[in-house]
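Listed features, source TrEMBL:
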DOMAIN    91-247  domain 'Sodium/calcium exchanger membrane region'
DOMAIN    280-418  domain 'Sodium/calcium exchanger membrane region'
TRANSMEM  155-180  transmembrane segment
TRANSMEM  192-210  transmembrane segment
TRANSMEM  230-248  transmembrane segment
TRANSMEM  275-295  transmembrane segment
TRANSMEM  315-338  transmembrane segment
TRANSMEM  350-371  transmembrane segment
TRANSMEM  405-425  transmembrane segment
Amino acid sequence: MASLQEPWLLENGNLKGSSKEIRYGRTAHNMSSSSLRKKSDLTLVSKVRCGMLRNLLTNLQEVILGTKLTVLFPAIPLAIAADCYGFGRPWVFALSLLGLTPLAERVSFLTEQISYYTGPTVGGLLNATCGNATELIIAIFALWQHKIQVVKYSLLGSILSNLLLVLGTSLFCGGIANLGKEQKYDRRQADVNALLLLLALLCHMLPLLFRMSAASVTLTEVPTLQLSRVSSIIMLLAYVTYIIFQLVTHRQLFEAQEESVEDGDDVLSEETPVIGFWSGIVWLVGMTAVIALLSEYVVGTIEDASESWGLSVSFISIILLPIVGNAAEHAGAVIFAFKNKLDISLGVALGSATQIAMFVVPLCVIVAWILGIEMDLNFNLLETGALTLSIITTAFTLQDGTSHYLKGLALLLCYVVIGACFFLKKTPLNDGNVIDLGVKSAAGSVIAA
C-alpha cells in the first residue's frame with residue numbers, strides 16, 4: 001500500500017514512525033475496535049488503471065467495507081429518508097441510533113490511521129479527543145436545544161454502561177472462557193482511572209450537597225452554578241494532566257499492555273496504514289459530519305420515541321443510548337476478555353468512563369456557559385447516588401489485580417438493578433429537581449411548625 005501514501009510522509013523508503021514507536025500510539029480503545037475490522041481484498045481494485053479512481057475505490061473498500069458492521073451502514077440513508085419524507089419519528093430515532101454504531105467504530109479506525117503519520121503523541125491526543133466523539137456531539141446538540149436533562153442522562157448512562165455493563169460483561173465472559181487460567185491485569189492503570197473517577201464524583205456530589213444543605217433553593221441556585229463551572233475547569237485541567245501522564249511522563253505504564261497484545265494476535269498485526277494521511281482527514285471530517293446529523297435526529301426525536309414506546313426519556317438516555325451507540329467498542333472489549341487480555345478490556349471500559357467524566361461532562365458545562373445556558377453538575381439525588389455506588393463498586397472490584405467470573409456477574413447485576421430503577425422512573429423532562437422539591441417541602445413543614 002506504499003503507493004497510496006503521500007511521498008512527504010516517507011523516510012528512507014519507509015513510513016515515518018513505522019517502527020515499534022508507532023505501536024505506542026495505539027490505545028486500548030483502538031485495539032478494541034480493531035477486533036471488529038476485517039482485511040479487505042484489493043485484488044480487483046489493484047487492476048484499475050486510473051490512479052485516482054483506484055485510490056477512491058481503495059478508500060471506499062477500506063473505510064466502508066473494512067468493518068464487520070458494514071451491514072448497519074444502510075441505516076444512515078434510511079434515517080435521512082425517514083426524516084425527509086415524514087416517516088414516524090420513532091423510526092427516525094431508531095435508525096439514527098443504529099447508524100451511529102458503525103460510525104463510532106470507523107472514527108476510531110480513522111484516528112488510528114492518522115496516528116500512523118503523526119506519531120504516537122499526536123495520535124494519542126487525537127484518540128483522547130475523538131474517543132467519545134459520539135457522546136460529545138449528541139450532548140452538544142442537546143445543549144443547543146436546551147435539553148439539559150438529556151445531556152446529563154446520556155453522559156451518566158455512558159459512564160454507568162462502561163463501568164458496569166462493559167467491564168462486567170468482560171470480566172464475566174473472560175472468567176467463564178478461562179476457568180482454568182489465572183486472570184491478572186495491571187493494577188496501576190486501574191488505580192489511576194479509579195482516582196480520577198473519584199475526583200469526578202467529588203465534583204458531582206458537592207453541587208448536590210451544596211443545594212441540599214440550604215433551606216432555600218433560590219439562595220443556592222447561583223452559587224451551585226458557579227461551583228459547577230469552577231469544578232469543571234479543575235476537571236479539565238486534571239484531564240490534561242492525565243493525558244500528559246499517559247503519553248509523556250509515564251508512558252511505560254502502558255507499554256506492557258501493548259507488548260502483550262502484539263504476540264500471536266492477527267487482529268493487531270497491522271504495522272502500516274491502509275489509507276493516506278489526507279484521505280484519513282477527509283474521511284474523519286465526513287464521518288463527524290454524518291455523526292452530527294444523526295445526533296441531531298436522535299436528540300430531536302427522543303421524546304417522540306419515549307411516548308411511542310412507553311419508555312421514559314431517562315431510561316432511553318441512560319440505558320439504550322450508550323448500549324447501542326457504543327456497541328462496537330463494547331463488543332471489542334468482550335472479545336479481548338475472551339482471549340484473556342483483560343488489560344485491553346479494562347483500558348476500554350475505565351478509559352472511556354474517565355474520558356466522559358473528566359472531559360466530556362465538564363466540557364459540556366463550559367460550552368453551556370459560553371452559550372448562555374445554565375447547566376450545573378447537579379445530576380439529582382438518584383442519578384448521583386447510582387454514579388457513586390457504581391464507581392465505588394468498580395474500585396473495590398479491581399483493587400487486587402485479579403479477576404474471575406463472579407466479579408463480572410456482580411457488576412452486571414448492579415447494572416440490571418440500576419436499569420430497572422430508571423425503567424420505573426417516569427419523571428418528565430420538564431419536572432423540577434426532586435431534591436429541590438424535597439428541600440422546599442421540608443422548609444415548608446418547618447415554617448408551618
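Note: Cβ is positioned from N, Cα and C throughout, glycine not excepted.
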Which sequence-distant residues neighbour the transmembrane segment (275-295)? Criterion: at least 6 residues beyond either end, Cβ under 8 Å. 4-6, 9, 55, 58-59, 62-63, 76, 79-80, 96-97, 99-100, 103-104, 106-107, 110-111, 113-114, 117, 130, 133-134, 137-138, 141
Could you tell me what the rest of the chain brings near the transmembrane segment (155-180), counting residues at least six beyond its ends with Cβ under 8 Å? 132, 135, 139, 197, 317-319, 321-323, 326, 329-330, 333-334, 336-338, 340, 342, 345-346, 348-350, 352-353, 356-357, 360-361, 364, 379, 383, 386-387, 390-391, 393-394, 397, 403-412, 414-415, 418
Near the transmembrane segment (315-338), which same-chain residues lie under 8 Å Cβ to Cβ, leaving out any that are not at least 6 residues past its ends? 29, 31-36, 67, 69, 97-98, 100-102, 104-105, 108, 134-135, 138, 150, 153-154, 156-158, 160-162, 165-167, 169-171, 173-174, 177, 298, 302, 305-306, 309, 344-345, 348-349, 352, 419, 422-423, 425
Going along the chain, which residues at least six beyond the ends of the transmembrane segment (350-371) come within the CB cut-off of under 8 Å? 27-29, 128, 131-132, 135-136, 139-140, 143-144, 148, 151, 155, 158-159, 162-163, 166-167, 189-190, 193-194, 196-197, 199-201, 203, 228-229, 231-233, 235-236, 238-239, 242, 326, 329, 377, 394
Taking DSSP H, G, I as helix and E, B as strand, the domain 'Sodium/calcium exchanger membrane region' (280-418) contains 115 helix, 2 strand, 22 coil
